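Taken straight from Swiss-Prot:
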type: COMPBIAS; residues: 9-20; note: compositional bias 'Basic residues'
type: COMPBIAS; residues: 21-31; note: compositional bias 'Gly residues'
type: COMPBIAS; residues: 32-41; note: compositional bias 'Basic residues'
type: COMPBIAS; residues: 147-164; note: compositional bias 'Basic and acidic residues'
type: REGION; residues: 1-57; note: region 'Disordered'
type: REGION; residues: 132-164; note: region 'Disordered'
Amino acid sequence: MQLNDVHRGITKHRPRKRIGRGPGSGTGKTSGRGHKGHKSRSGYSRKPNFQGGAMPMFRRVPKRGFNNRWALTIFAVNVGKLNDAFNEGETVTLEALAAKNLAKGNFDELKVLGDGELTKKLTIQAHRFSKSAEEKISAAGGTAEKLAPKRTPDERVEALKSEK
């Protein structure tokens, strides 16, 4: 490879492409848009779900279920991850989980699940515990403290209604 083989590729100050200025310009007459059709017209933009006039997928596939706006969002964490992230005798709180990037995003309640091994004595504060998680925590000598819900269902409904 020689120095004269190297090229800059995309030029920084490429001149604007002038279209529709006669056949000698190379982009005259149809201005690079082909002949007729929707895509040749000005102002046309196809809908993102347009499938060439065929029955679109979102109308072919049956709809199922609904989104329950009153449902709780529950964040689950396993005792195995807590065992890896925390030291012996530490207290596992929502703030501590967020500081160690174990609890992310917005959620209403925290649930501790029993997947993995727990060998350290931990005090774990959460809204819910699975049976296996409670058994593993007590077997390791730790305690499972249940937190009160952030908001009651009635309070959540009132908060969502007031957002409107």
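Cβ atoms are placed via backbone N, Cα and C, with glycine included.
Away from its own ends, the compositional bias 'Basic and acidic residues' (147-164) comes close to residues 69-70, 72, 108-110, 125-127 of its chain (Cβ-Cβ under 8 Å, at least six residues beyond either end). Under DSSP, the residues of the region 'Disordered' (132-164) split into helix, strand and coil as follows: 19 helix, 4 strand, 10 coil.
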